[in-house]
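TrEMBL has this to say about the protein:
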TRANSMEM  37-62  transmembrane segment
TRANSMEM  69-93  transmembrane segment
TRANSMEM  128-152  transmembrane segment
TRANSMEM  159-180  transmembrane segment
Amino acid sequence: MAANQANDQPSFEVAKSLDVEQQAQNDELDYTKRGQWLRAAILGANDGLLSTASLMIGVGAVRKDVKTMILSGVAGLVAGACSMAIGEFVSVYSQYDIEMAQMKRERNTENMGVEQLDAEKEKLPNPWHAAGASAISFAVGALIPLLGAAFVKDYALRVGLIIAVVSFSLLMFGGLGAFLGKAPIAKSSLRVLIGGWMAMGATYGLTKLVGSSGL
């Protein structure tokens, strides 16, 4: 009997080791998924921040009153959030359809049970969740320049404040994205900041040129 217990002990330890390893793999997978969602949210907020700020500065190059700039920012927020949501919904739903078709083929060839198929379906991304997350992240980013300019009547001060808050936010978003992607934080943040400055400058310059041409 003692010999049987000695033989059972290694088997128990092996099973326990496998369970621990499987749990570690599941935890790592969950962390990876959360990291991907968070990184996508940061990118969406960065898009909302930069596109809305550029739109407000561009329109402000021609119409300097605060109402026009705020209205252009609100229009950019709504249009951008809807565009992001629809684009993400279509993209994720296409991926969902492809993976569901693959799972059904595997079910036919491997005799996969209904419960196993349902369990695999739960792991697939939800198009509605993806669309909502994209719209919300874009809107959050777009609110930053809107709030920065909403209560400033002086045009020069308003534009300066927008550039200041947007620059700070670009550095933050760039740093967070680099951290999640395990890239150099300082280099990535500066790259995002310089790209944002170029986008705002190009929008302002081209809009000013078109407005001055009398079209």
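From the backbone N, Cα and C atoms, a Cβ is placed for every residue, glycine too.
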Excluding the flanking five residues on each side, which residues at least 6 beyond the ends of the transmembrane segment (37-62) place their CB within less than 8 Å of a CB in that stretch?
68-70, 72-73, 75-77, 80-81, 84, 133-134, 136-146, 149, 155, 158-159, 162-163, 166, 169-170, 173-174, 176-177, 180-181, 192, 196, 199-200, 203-208, 211
What residues elsewhere in the chain lie close to the transmembrane segment (159-180), defined as a C-beta under 8 angstroms and at least 6 residues from its ends?
35, 38-39, 42-43, 45-46, 49-50, 53, 56-57, 60, 141, 144-145, 148-149, 152, 187-193, 196-197, 200
